[in-house]
Amino acid sequence: MSIRRVMHVDLDAFFVSVEQAVRPELKDKPVIVGGKPERRGVVAAASYEARKFGIHSGMPLITAKNLCPQAIFIEGNHQLYREYSEKFMLILSDFSPFLEPMGLDEAYLEVTGFESLHGSIAEMASKIRRRITAEMGINASIGIANSKVAAKIATERAKPNGQCEVPAGEEASFLAPLDIAVMPGIGKKTEQHLKSLGIDTLGKLAALPASFLKSRLGAYAPYLSNAAMGIDNRPVEMPSEAKSISRETTFETDTRNQTFLEAKLSYLSEKITATLRKRGKQARVVQIKIRFADFTTLTRQKHLGQPASGNREIFQTALSLMNGILDSDRQTVRLLGVGISDFCGPEKQLEIDPAKARLEKLDASLDKIRQKYGFSSVQTGRTYRLKDMF
């Protein structure tokens, strides 16, 4: 039986890193996202250059200005951050189908047994980090351990732009010397209370009798006691079912290359139909979204004659919608997205088209391989044109 391996991936200084990716002149400078310091606001994110001055998230902007007068203050662009977050999750889903997003900039991956695909889990983490840097222009840190809590703490030890793996069986010794403040779930008040009792490290917390800890912290005590030793059996939980499924990607360079756009559309269509089939559903509506170089965004949708869940039906419908938009506007394309909605259960068919049956069997085979080994473990002919992204 494989030893459990959980990966926690966190984008370094996410908001600021995105701003620096799209505005290279901000690189290596103290940058603060949150707005102008004259306002009554707080720091949403600070670059590592700004953090050297003691600036951190949640700090009043005016305080940050006093600490670092030369800092560059910017409003932030949450639509842009969401686009980057979607690209981030898309990359992660290529490595494992067991993905639990935690906000825009971090996620857990269940990677138990994936060594055979990548040589080692550490090499898998390196591949993920390289792809994020290459495709998004920002850095990520990764922690690997036998549980979610240990993996998250390992990520903090890896920052910035690094990775840290806790060997199986060494979780308790890894955590023991660390300050209790690093433990997720220990807030300022709990930290102060524990330290007033002389409990300042996770090792000391783990050594406390369960009865004593419960008398001080109540029902939360058993979790903290176990977590301090790296014991955390919580599963990686995928998001609950939504009423629509969509994928979109923002290109590094605006393009009108038809072959490239079709390949990207095919890739996105395969992603959403795989999710649809995993839910045992079919879709009645297909939608396409295109954003041009001037940020004009157009959407089109079509109601299908028959509900569908196959790659081919969804892609061909999306392709027709995409070409309709492109024929009406000659600008280069910045963003491409495809979505499906109005779900229903699979309908019983009195007559089965042999060709359609073969395609359904092919889709099922692809799904089975990808669910076990990750989405990028097998590629179709059209998406193979995008092999550089894998």
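Numbers run from 1 along the shown chain.
Positions of Cβ are set from backbone N, Cα and C atoms, glycine also.
What Swiss-Prot annotates here:
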ACT_SITE  Glu106  active site
BINDING   Asp10, Asp105  Mg(2+) binding site
DOMAIN    6-187  domain 'UmuC'
SITE      Phe15  site 'Substrate discrimination'
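In this structure the C-alpha atoms belonging to Phe15 (site 'Substrate discrimination') and Glu106 (active site) are separated by 12 Å. Comparing Glu106 (active site) with Asp10 (Mg(2+) binding site), their Cα atoms are 4 Å apart once rounded.
Taking each of the recorded positions Asp105, Glu106 in turn and counting other Cβ atoms within 10 Å of its Cβ gives the largest count for Asp105.
DSSP classifies Phe15 (site 'Substrate discrimination') as helix under the three-state reduction. Annotation note: Asp105 (Mg(2+) binding site) sits in a coil segment as assigned by DSSP. The recorded positions listed here are Asp10, Phe15; among them, Phe15 has the most other Cβ atoms within 10 Å of its own Cβ.
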